[in-house]
Amino acid sequence: MTGRTPGGDAAGAPGDDPVPDRIHARPVPRPGRWVSAVVLLVLAAMAVNALLTNEKFRWDVVWLYFRDVTVVRGVGWTLVLTFGSMLIAIVLAVLLAIMRRSDNPVMKAVSWGYIWFFRGTPIYTQLVFWGLISVLYPRLSLGIPFGPEFFEFRTADLFTAFVCALIGLSLNEAAYLAEIVRAGLGSVDPGQTEAAKALGMKDGKILTRIVLPQAMRVIVPPTGNETISMLKTTSLVLAVPFTLDLQYSTNAIGNRLFLPIPLLMVAAIWYLLITSVLMVGQHYVERYYGRGFGTQTSGGRRGRGPGGRGRRPGKQDLIAASGTTKDDPFLEVTP
Amino acid sequence: MSGTHDAPAPAAGTPMVQVEGLHKMFGDLHVLKGVDLEVPRGSVCVVLGPSGSGKSTLLRCVNELEEITGGRIRVDGELMGYREVTKDGRTRLHRLHPKVVARQRSRIGMVFQRFNLFPHMTALDNVAEAPVQVRGLSRSEARARAAELLDRVGLADRADHYPAQLSGGQQQRVAIARALAMDPELMLFDEPTSALDPELVGEVLAVMRDLARSGMTMMVVTHEIGFAREVADTVVFMDEGVIVEQGTPEQVLGDPQHERTRSFLAHVL
Ligand SMILES: Nc1ncnc2c1ncn2[C@@H]1O[C@H](COP(=O)(O)OP(=O)(O)OP(=O)(O)O)[C@@H](O)[C@H]1O
Ligand SMILES: [Mg+2]
């Protein structure tokens, strides 16, 4: 196309411009913008300067321990805890959300009670509690309440520090995610369920094929936040105590060397790095679940532009832009 | 009610839809107050009536999207939603298992005013989804069949579009194809053209006209009087939860017997 750029430099001769006497107006002067931008840049430069030139940060130590085996292993454990507990929490949360929506009053009450308890107590307390579980119940057995028991084992054998940390984090997280999932399920137009029912689909299929995929659009962004938040919550597992994660291992090295600040910087940089990678991942997951929701207008009238995947521009864009359906193939198909 | 407990085997003469003494209440709101209606096999029944008269509710009851308060609905001779059990000379109703209800629904196609296409699936997958999930067809079989149906409604080249990329008329035609994919013996249309821009109404009505010609039994709620006159075998006029009058289009539209029908037609024509 010609004449796309406002300056009109794409058009060859001035006579090519389809708009006679095209407007080239000067923008409204906004000195405030310039002043505020300059002030912010100066402040940012000061902050960078303060970080880099202060000897006490000991950037040489930071760089050395950034690649330390214990630290990298700590990163590994932190990642395992983050993703492991998020996975368990998501499964639990979907169950809780479905229970909350069910007609069965017992299910509703149990789900409500669970969320009430795990949201109502601090995660630190819960982690300490899980660490003490083998003191509270030295032996666990599986059987019918007040009836016969099938088998028995020592609690400490199963509930290692890692398992306690994983359980503590995921049970707590499930309570928050359950509310997110519930909001997501509630955001799907009831007409979707009706249409699926009218086709003869059963409730389970309607949930997994129709409602959940659409709810994901609402569920994914806050779940991404929760994952990032979980990454940092794992630093509390010393309450169990679980001592292999990133925060604990950098802290231990820092105390041993009497250099707490550089090791804190090591941990901070690793957390930032992981968070950045997670944000990129979240972007792609959001894009996947946003497919088909390009720009839907209410009432399902004509949508414009390509869908979330954005892989079909071209013709459809032109049709949408033209605002007609004159190219309707139907007119040629029926007699 | 009537004395037909043992569900009669669907004889050729059985009407496709039999509604007897249907009542529906939403809490205290009495929406359907004893509706009796028969739709013969292969015929088209157009339901007219002012807003709030219970037309949508009637269709939704036939498809068991609403639980009925009283009366009986039979489709192809089969009692919908319930099982009649006669014990000691008394007839009791037992509600059917959701699985059975789902099977009953799968034989009835429904088209909604607001299309209700699945926005996260392409047009092709919208049509192919139910055959896969309900009938157990393989994905490729279902897609091949879906492509045929999209072709039938004139949308062969829109198969890969998401609903948001289609015009309202195209979306409604996909919705019709989606319902047809389950090989229904009865199609219900609830104001299928009311959400459409006027220039898109024709394409949807044309598909419906073709469907009627192919012998499909249809119940259509619409305000398109022209369509009713041309396609309907029976026209039913409803008001305040009862059928005021019914008959051929010539009778109801051309020579209405009731004052309410006359004033309604005066408004819409
Ligand atoms: N789920 C519901 N709960 C309570 N009341 C309802 C419900 N659905 C419908 N109604 C009421 O039942 C009455 C009939 O509604 P219905 O949708 O069947 O009317 P209609 O004839 O289809 O009208 P319209 O032409 O506006 O679609 C209305 O008064 C409506 O408010
Ligand atoms: Mg209605």
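From the backbone N, Cα and C atoms, a Cβ is placed for every residue, glycine too.
The region 'Disordered' annotation in TrEMBL covers A:1-22 (among others).
Annotated compositional bias 'Gly residues' per TrEMBL: A:1-10, in sequence order.
Taken from TrEMBL, the feature transmembrane segment applies to A:34-53 (among others).
Look at TrEMBL and you will find A:74-99 (among others) tagged as transmembrane segment.
The domain 'ABC transmembrane type-1' annotation in TrEMBL covers A:75-282.
Proximity of distant same-chain residues to the transmembrane segment (A:114-137), defined by a Cβ-Cβ separation under 8 Å and at least 6 residues beyond the stretch ends, is recorded for 96, 100, 154-156, 159, 161, 164-165, 167-169, 171-172, 174-176, 178-179, 233, 236-237, 239-241. Per TrEMBL, the feature transmembrane segment maps to A:114-137 (among others).
Look at TrEMBL and you will find A:158-178 (among others) tagged as transmembrane segment.
Long-range contacts of the transmembrane segment (A:257-281) within the same chain: residues 56-59, 61-62, 65-66, 68, 71, 75, 78-79, 224, 227-228, 231-232, 246-247, 250-251, each at least 6 residues beyond the stretch ends and with a Cβ under 8 Å from a Cβ of the stretch. The transmembrane segment annotation in TrEMBL covers A:257-281 (among others).
Residues annotated as region 'Disordered' in TrEMBL: A:295-335 (among others).
The feature compositional bias 'Basic residues' is assigned by TrEMBL to A:301-313.
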Discussion item. How about long-range neighbours of the transmembrane segment (A:74-99): same chain, 6 or more residues beyond its ends, C-beta under 8 Å?
Written reply: 107-108, 110-111, 114-115, 165-166, 169-171, 173-182, 184-185, 207, 212, 223, 226-227, 230-231, 234-235, 237, 242, 244-250, 270, 274
Practice prompt. State the non-local partners of the transmembrane segment (A:158-178) in its own chain: residues 6+ outside its ends, Cβ under 8 Å from one of its Cβ atoms.
Written response: 81, 84-90, 92-93, 96-97, 100, 111, 114-115, 117-119, 123, 126-127, 129-131, 133-134, 140, 223, 226, 230, 233-234, 237, 240-244
